[in-house]
Amino acid sequence: MAIFKEIAGLRHWRQALKGTLALVPTMGNLHAGHLALVRLAATRADHVLVSIYVNPLQFGPGEDFDRYPRNLGSDLQLLGEAGCQNVFAPDDNVMYPYGRQDLAIVLPPRSLSSVLCGRSRPGHFAGVSTVLSKLLHMVAPEVLVLGEKDYQQLRVVQRLLEDCNFAVQLLPAPIQREADGLAYSSRNQYLSTEERRIAPLLFQHLQELVRRSKESDADPALLAQATRASLELAGFVVEYLELRDGTSLQSLPRARPGARWFAAARLGRTRLIDNLAIDL
Ligand code: AMP
């Protein structure tokens, strides 16, 4: 396996590479969701490169940057088993050699980045857009694979690619879930045994919301209100539960093709996000 830690070595390898390259950017602590992206990437390009970098720019004050799980050894083992041959694992000095205080930043459109997760995580999508722009310049892939688990991120990045004319094809990957419906996430390991038992309720409630909003013309805000109460009774602190258009991310007064339910909720110290499309 080729493991690059510096940009020069990565660029050298990239320039000599024959065939197409797909980039799968991650923050490490890899799980089945990430590995599905790697497998999908391998169907669309001759080579796959996984980047592993916990990007400090996309964490706000008081968020879990310091305790975010870092496990390069087991990540490399999982990638090897999944047949991934190429990894880029830079450190902060490589990514931000002049520090992070005074830096050129990529600002995504407000309409996409200030709603949903953007409300409680100001600056998050600017951090994502900035690091991704840097990775795309360093790696120069033909294909970029992102998961629908972070659906808002996917939309933000799609606009970033268009607005900044990146010549890369974006390939969205469906959400991978545990048998009980909980979406795989590096943050699931923060959950206590009791919280892990409750966690699948988030997806179950999303399924119920999709079913109900397809069946009736009910006001999504009212549906969300009842669902929020039920989740809070189970122990969640709900941050948002909203029906929005899957492309513009604008609020919708009723279900329509392309609509999607979005949820973020906390269980103890763990913030979970999930989303589900309305297939009308
Ligand atoms: P992260 O390491 O959390 O930054 O995630 C890296 C990539 O994996 C992002 O494109 C995520 O959307 C994607 N991803 C994470 N979890 C899942 C999942 N359960 N299913 C599909 N994609 C996922």
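Every residue, even glycine, has its Cβ placed from backbone N, Cα and C.
Automated prediction, rather than curation, is the source of TrEMBL annotations.
Taken verbatim from TrEMBL:
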BINDING   27-34, 147-150, 184-187  ATP binding site
ACT_SITE  H34  active site, proton donor
BINDING   Q58, Q153  (R)-pantoate binding site
BINDING   Q58  beta-alanine binding site
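Shown in sequence order, G33, H34, A36, L37, L154, P172, A173, P174, I175, Q176 are the residues of the chain, 6+ apart in sequence, with a C-beta less than 8 angstroms from the C-beta of G147 (ATP binding site). In this view, the densest Cβ surroundings among the binding-site residues Q153, S186 belong to Q153, judged by other Cβ atoms lying within 10 Å. In the three-state DSSP scheme, M27 (ATP binding site) is classed as coil. Cβ-based neighbour count (10 Å, all protein chains) for H31 (ATP binding site) stands at 17. Checked against ligand 1, the binding-site residues H31, G33, Q58 give G33 as the ones with a Cβ under 6 Å from it, listed in sequence order.
A 10 Å cutoff on Cβ-Cβ distances gives Y184 (ATP binding site) a total of 18 other Cβ atoms nearby, all chains included. Within the same chain, the residues at least 6 positions away from M27 (ATP binding site) whose Cβ sits under 8 Å from its Cβ are I52, Y53, V54, N55, Y68, S186, listed in sequence order.
Every protein chain shown contributes to the tally, and the Cβ of Q58 ((R)-pantoate binding site) ends up with 21 other Cβ atoms within 10 Å.
Here the C-alpha separation of Q58 ((R)-pantoate binding site) and K149 (ATP binding site) works out to 17 Å. Under 8 Å, Cβ to Cβ, and six or more positions away along its own chain, K149 (ATP binding site) finds G33, I175, Q176, A183, Y184, S185, I273, D274, N275. Distance noted between the C-alpha atoms of H31 (ATP binding site) and Q153 ((R)-pantoate binding site) is 19 Å.
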